[in-house]
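J.: My questions all concern the structure below.
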């Protein structure tokens, strides 16, 4: 059997190798998920070492929530893998490329307008992906998240948001892609350097403008009101020379009761963003029965989002919020953000360099049904998505391991700021608010968890509290 495979033409070997590796990864992921689902099903009582930090009711809620998510992930993953396989076997990629050619021909453009055809192909591909993924998104949000008390959206809000995301994505993706393809075509022997520099510039611009110009299209950002919390945040930032310029609260509660916090910006222009669901005194989910303030039409909240206070005392108190931010600022102070950018750009440069070597190989295009042409966009897709897939899997695992190491270091930084006790209690609260399950299969967590399991983080912060 092995000999017969290697007796096939090289393009067939490439095709079946890509397909075989894809299913190998899927089966590996399915096996890991099976191991974790077994943990969810069998661990029905709070382990003794967690007895002082997690009550049995919350433990059971988190167990059922994660079990539902895992079952959903199994079926959605199986569908995705099957869909991808059928697209490859039935020649879906060259078919869609041909449809894009027919579309531009109706407007008087011939096959020589490859970039125009590429943009139509890209728009059709993203539309197809959005439509086939829509039922899964609806089920995830309006069945699973709704069932476990996290969803705050209505169907109207969901669809308006989906359309808005699609339009904004096209407004960014199409111009960037057209410029990238143009650079590759006119760049000569060193096009891969220019392409890498272009993608670097685009990523830096997007990171800079995202929170100020793109994110506000979807969520309402308001400055954190003057008060003790804002004063303490500014003092903490100043104590480690973090160039903080603004602190925002984002209205995440109109989508979900999950919580988060992050910072962004370059050089001397850093901003901190807190989800309203993170703030115990700010979260609308804690204000049961209180009249809601009148909203402007642009806020979209009265008719588009639900006012359902499902989780009492959601979020953290001020000292705990400071501890969480101490952890986040630790990432900055320890250079984790810069290190991640450097790793990302080194990887990008390597991939573009290898792309330059492989793009001329006709058999790569023939393997996926392109016998008469070698479109640059299709080459990018084949090489970056299919040929590099083993490398991408390995890199993803290494970055997951590195991320866990960074998380421990950021926790230690917060502890060094004297906030170990507050971070300890904040992690427990956030785990409870987000229904995180504190027991994980070792192999599943090693492969998937970018953050260490709760118990490991609590142990690293100090001995498990007994009261």
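Keep in mind that glycine also has a Cβ here, set from the backbone N, Cα and C atoms.
So TrEMBL has the following annotated:
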type     : residues      : note
TRANSMEM : 14-32         : transmembrane segment
DOMAIN   : 36-220        : domain 'CAAX prenyl protease 1 N-terminal'
TRANSMEM : 86-107        : transmembrane segment
TRANSMEM : 119-144       : transmembrane segment
TRANSMEM : 190-211       : transmembrane segment
DOMAIN   : 224-463       : domain 'Peptidase M48'
REGION   : 286-314       : region 'Disordered'
BINDING  : 327, 331, 407 : Zn(2+) binding site
ACT_SITE : 328           : active site
TRANSMEM : 341-359       : transmembrane segment
TRANSMEM : 365-388       : transmembrane segment
ACT_SITE : 411           : active site, proton donor
J.: Closest of the recorded positions to the residue listed as 'active site, proton donor', Cα to Cα, picking from 327, 328, 331?
T.: 327
J.: Which residues does residue 327 (Zn(2+) binding site) neighbour through Cβ under 8 Å, counting only same-chain ones at least six apart?
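T.: Expected: 410, 411, 413, 414, 423.
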J.: Based on Cβ pairs under 8 Å, which of the stretches 86-107, 119-144, 341-359, 365-388 lies most in contact with the transmembrane segment (14-32)?
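T.: That would be 365-388.
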J.: Relative to the mean position of the Cβ atoms of 327, 331, 407, the recorded Zn(2+) site, which additional same-chain residues have Cβ within 8 Å?
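T.: Everything else in range on the chain: 328, 330, 336, 406, 409, 410, 411, 413, 414.
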J.: Sorry to bug you, but what's the C-alpha spacing from residue 407 (Zn(2+) binding site) to residue 328 (active site), rounded to the closest Å?
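T.: Counting only the Cα atoms, the answer is 9 Å.
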J.: Can you check which residues sit near residue 331 (Zn(2+) binding site), meaning Cβ under 8 Å from its Cβ, same chain, 6 or more apart in sequence, and list them in order?
T.: 337, 406, 410
J.: Around residue 407 (Zn(2+) binding site), which residues of its chain at least 6 apart sit with Cβ under 8 Å of its Cβ?
T.: 450, 451, 452, 457
